[in-house]
Amino acid sequence: MPTGRLSSIFTSNATSSFRAPSPQPRAPLAALAAATERVCAGTLRPEEAHHLFDELLSQAAAVPVRGLNNFLAALARAPPSSTCSDGPGLAIALFNRMSQGAGARVVSPTLCTYSILMDCCCRAGRPDLVVAFFGRLIRLGLRLNVIPFNNLLKGLCKAKRSNEALDLLLHRMPELDCAPDVFSYSIVINGCFKEGEVDKACNLFHGMIQLGVQPNVVIYTSIIDALSKCGAMDKAEVVFRQMVDKGIGPDVMTCTSLIHGYSISGRWKAAVRVFKEMISLGVVPDTVMWNLFVDSLCKHRRTKEARVIFDSMAAKGQKPDTVSYSIMLNGYVKEGCFDDMTGLFNSMLQNGVVPNHHIFNILINAYAKRGLMDEAMHMFEVMRGNKE
């Protein structure tokens, strides 16, 4: 089969008839490059990818490893689409097919190739294959860097084998002359948390600091989130203070975790303090953060303070959404503040926020429980009119 056909199928831009054709050995690379562009655009179907490999493997020229790596990496990162629902899985299938029947027509896969494939396995939910590809890599005798190790750690943690991941991190990597980096520790710490091994994760966190590996905001947030979820707020606060003292700025996820922890523990004053501190640190709250904070105050029957925070959302450039209004309305209902409830609902309509089914239910139930059936029926009719 002529190599020119590869270009005609997978080249996105038509070439001029006056332009000299590319040399034959470059045709596979050009075809892979064009296919990679289509993966990124979300237009390459699996059957087309298999057809491409049929043609590549029938060529006299070897499949170039650089083009292959770029193509597999694009599939690994490709989000599910109508044309291809599982890019990482397709990458694994294509590589296995190629390695079984290619012979000398494919340049030997490199460390980069196997790192990409291991990442594909993690994304495809096949942690068992991560271990298998790592085994192939070891047998090749290539000098390893931290990237394939991190992919192996991901695979082990996804398979809920955090003890094995911990052994790899603390013993096998140093034995193979590969120093774990901050991402290595982050993967295993998260894996331990997901398996409920809070103490083990915290010990690893302190151990990495002693070894001179400086935690980043992701690790700090993971620690704070896990401690907050199990109610260990004093410990979470200590970690938060360490983070700020070391000049590592918390992000909105860090502060959300801490505020949520204080909220579910009933310590709303501490939640208010953290919220004010995050503003002073330059962290811009998102809608989720605002809603969480307003909800915390409403649950503690602090609707006046909640309304102040609610009104400040718009002033800070964050428009309240239907969730924001439903939280505030529900807070008013629980405290019997019907005038405030009605006023807020009217304000919502004036601001162009369309009430949803949940908001109508809050109002209908509130009126009905108070015996105001005419108002309840009116609200019900308004809701029906909105649906129609």
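From the backbone N, Cα and C atoms, a Cβ is placed for every residue, glycine too.
Owing to the predicted nature of the structure, the values given are computational and were not obtained by experimental measurement.
If one looks beyond the repeat 'PPR' (110-144) by at least 6 residues along the same chain, the residues whose Cβ comes under 8 Å of a Cβ in the stretch are 65, 68-69, 72-73, 75-76, 86, 88-89, 91-92, 95, 151-152, 154-156, 158-159, 161, 176, 178. Taken from TrEMBL, the feature repeat 'PPR' applies to 110-144 (among others).
Here TrEMBL flags 145-180 (among others) as repeat 'PPR'. Among residues of the same chain six or more beyond the repeat 'PPR' (145-180), those with a C-beta under 8 A of the stretch's C-beta atoms are 111, 114-115, 118-119, 121-122, 125, 127-131, 134, 137, 187-188, 190-192, 194-195, 197, 200, 204, 213.
Looking only at the repeat 'PPR' (181-215), the predicted model's pLDDT averages out at 93. Taken from TrEMBL, the feature repeat 'PPR' applies to 181-215 (among others).
Among the features that TrEMBL reports, repeat 'PPR' is placed at 216-250 (among others).
Remote same-chain residues near the repeat 'PPR' (251-285) are listed as 217, 220-221, 224-225, 227-229, 231, 233, 236-237, 240, 243-244, 292-293, 295-297, 299-300, 302, 305, 309, 316, 318 (criterion: CB distance under 8 Å, separation of at least six residues from the stretch ends). The annotation repeat 'PPR' is assigned in TrEMBL to 251-285 (among others).
The repeat 'PPR' annotation in TrEMBL covers 286-320 (among others). Tertiary proximity for the repeat 'PPR' (286-320) is limited to same-chain residues at least six positions away from its ends with a CB under 8 Å from its CB atoms, namely 252, 255-256, 259-260, 262-263, 266, 268, 271-272, 275, 327-328, 330-332, 334-335, 337, 340, 351, 353.
Positions annotated as repeat 'PPR' by TrEMBL: 321-355 (among others).
Taken from TrEMBL, the feature repeat 'PPR' applies to 356-388 (among others).
Counting residues 6+ beyond its ends, the repeat 'PPR' (356-388) has Cβ neighbours under 8 Å at 322, 325-326, 329-330, 333, 338, 341, 345, 348 in the same chain.
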